[in-house]
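Take a look at the structure set out below.
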Amino acid sequence: MVSSEPKGPANVANTASPLKAHESSGKRANGQKFKPGGAGGARKFDKFGGGAGKSFVKPGAGGAKKFDKSGPGGFKKFDKSGATGDKRLGGNKFRGKPQTQPQAPAEGEKQDWNKFKKEKKDLKLKRKSAKDTYEISKEANQIHEKLRCRRTENKDKLVEQIYKVLNVGDTISKVVKAHDTARVIQSMLKYASPALRAEISEKLLPFTVEMCQSKYAQFCVQRMLKYGAPATKAKLVDSLYGHIVRLAGHSIGSGLLDSMYQSATPNQRIYMRQEFYGDLYRKAKDSNVKTLSDTYKEATNMKASILGSVKANLDHVANKQLVDSALVHAVMLEYLRACDEDEEKLEETVTAFAALVPHMLSTKEGSEAAVICFYKSTPKNRRAIIKNIKEHLLKIANHEHGHVFLISLLNALDDTKATKKAIYDHLHGDLKALMSSPYGRRVIQWLVAPGDTTCFHPEFIRTVEEGLAFGKKEKELRRKEILEQIEAPIAQSIAEDAAFWLSNSHIGLVTGDILNHIQGESYEKAASALAQVVVQPEWRISADAAGPQPQDKKKPHNDVEAIIAQATKQRRKLLYVESSSDDEDEDEDEDEESDDEGDEKEQKEAAADDAEPKVKKAKKEPKKPKAKEEEPAAPLVSGIEEAGMHIVLKKILKNDGKREGTPFSQQLLQNLSSDVLKAWLGVNRACFVLLKLVEECPALLDDCKKAIAAERSLSQILADRKTPGAKLLAAKLDIGK
């Protein structure tokens, strides 16, 4: 408020006098402070005085006006506590409205738990019945109970009944996200006729994006992918356009997106990848853009912005740790190839994906992208990548695409000691598991025979050796150092269980490569153990050298109904065989359940009358699940007669002529007993093995002659045999002339 007193020198003197007094006396004892005020006088701040609070004194025409927090003229108080005045005592804005929770018992009163449970159950039922789809869902679930029964026939008729119930407005789109009715939709998609399945799918297609992000509706999308016709699957992929990047970063949708990408047509895959290139391609697709480089082929000035968009989308997916997807792997590979010149962006991307390399090795594109990440990363990032794959080394080595990354890593590292410590030492304890896998064997072969064209395809060798440009050490020196460090542990493993290393022809080929490359004591230790296995009279190997047959990679037949019908026929045959025994078991189970219910009632009545309850009948022990039929073991054949092992032995003997000391051929001949030699002379392939032995090691020719001539029967057997191997061996040893 403006003062009415005239402004002048006297007024200035009045305002200055308290200031002088303050300067002379300093602070007062009661803690009051004075500061110069405005033109109208002094402003007083009573902070520590005896007043009730902070007061502001301001002169005006009608006298001093005070602003105080407390007192009759203070601030207005708002009562937020409710009707009781205190929120802690139960006052709230919902007072007077019906309570949704059962009332708690009064103090000192015992809780009636049966009543409490009943009230909770009634409340739950009341909440459910308030929904507009409650009655429809209830009826659909009742029919579904019959549909899901294994013995129910004409299931397609029941599906039609459920569809009539649910086909009211947008009911299907509502119930598909619920935990119970989502199972109903799944069964409908499974057992419906082709026409009805297509109709149900058409109803669900507009909500595909929402279903892919739903906890329960996602399984309906899986059913559409599994049982839907090719046209339905194509529409399913088309319905995701515009939301690909968002689904790729969703914890539930990423898995479904990966399944759809793998089942999509080539053009659909291109369109799905285009959405990672930027917002321009989310709604408008370009059939001329096949890869990322096509987007800026005609407008190079847009390259930086497009690569920035791709990087942002990849970083979003990497932050969610959802990179285990063929779609993400394909985009990642295109991006790494495109930003080869921009080292700054490349380094940022490599750093972001270094911890996620194990998840990138499930596809061919992901493995190639991981190799590029490793090649072009700094030493710090390389150590991080090696650290992250340590716990997954066995799985990576046995994987179709992961083993390529591991071989590329072994071929590019300069520090061979660190390579052995970080990689081979972790794999050494699982050598048998590696040798049992076709891809694990390739890792061992590369360690002992890197770049050998007899073991690896020239194109594979060329691809792996591209990493040599990112190392400093000479190729031959690096490979020699690795072999010197691992040959002793491998030889020790062979000596401990030589029979395994000759258990089939595929493992035997790798064993032969190992034996042909190791030197010195390691060779003699391994050769001695293997020779003792070969000369055993009961040496048997697995005839099924390839192990379990790989699954047929051909695309399944598109006629899903024929597949379902065939499976149903087989199931019915099994049901008819076991129908009588199952019916008897079910009758017994029903009798037991009714007896149990009657016994419980009797026990309650007896407890009320202080009587002893009747003894319950002993329940029938549940049937133990039948054990799955074990796959028949592969037949065993004589190792010396098996065609693949015959090649292995000849391969080992071929390099014995260059060896010094005691080669495998000499140890084989020394350990060969007369009984085994007699059996060998009657086998064509065994005769060729002996022929190869004396041809490659002429010094052993006389020893072989003496061994056969020691017993007249052996010479006679060899002379009487008419097989090609026996004839050539007899001619070489001058026997029978």
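Just so you know, glycine gets a Cβ as well, placed from its N, Cα and C.
According to Swiss-Prot, the features are:
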type     : residues : note
COMPBIAS : 76-89    : compositional bias 'Basic and acidic residues'
COMPBIAS : 107-122  : compositional bias 'Basic and acidic residues'
COMPBIAS : 580-600  : compositional bias 'Acidic residues'
COMPBIAS : 601-615  : compositional bias 'Basic and acidic residues'
REGION   : 1-128    : region 'Disordered'
REGION   : 577-638  : region 'Disordered'
REPEAT   : 167-202  : repeat 'Pumilio 1'
REPEAT   : 203-238  : repeat 'Pumilio 2'
REPEAT   : 388-425  : repeat 'Pumilio 4'
REPEAT   : 426-462  : repeat 'Pumilio 5'
Could you give me three numbers for the repeat 'Pumilio 1' (167-202), the DSSP helix, strand and coil residue counts?
25 helix, 0 strand, 11 coil
Looking only at the repeat 'Pumilio 4' (388-425), what are its DSSP counts of helix, strand and coil residues?
31 helix, 0 strand, 7 coil
Just to be sure I understand, if DSSP states are collapsed into helix, strand and coil, how many residues of the repeat 'Pumilio 5' (426-462) fall in each?
24 helix, 0 strand, 13 coil
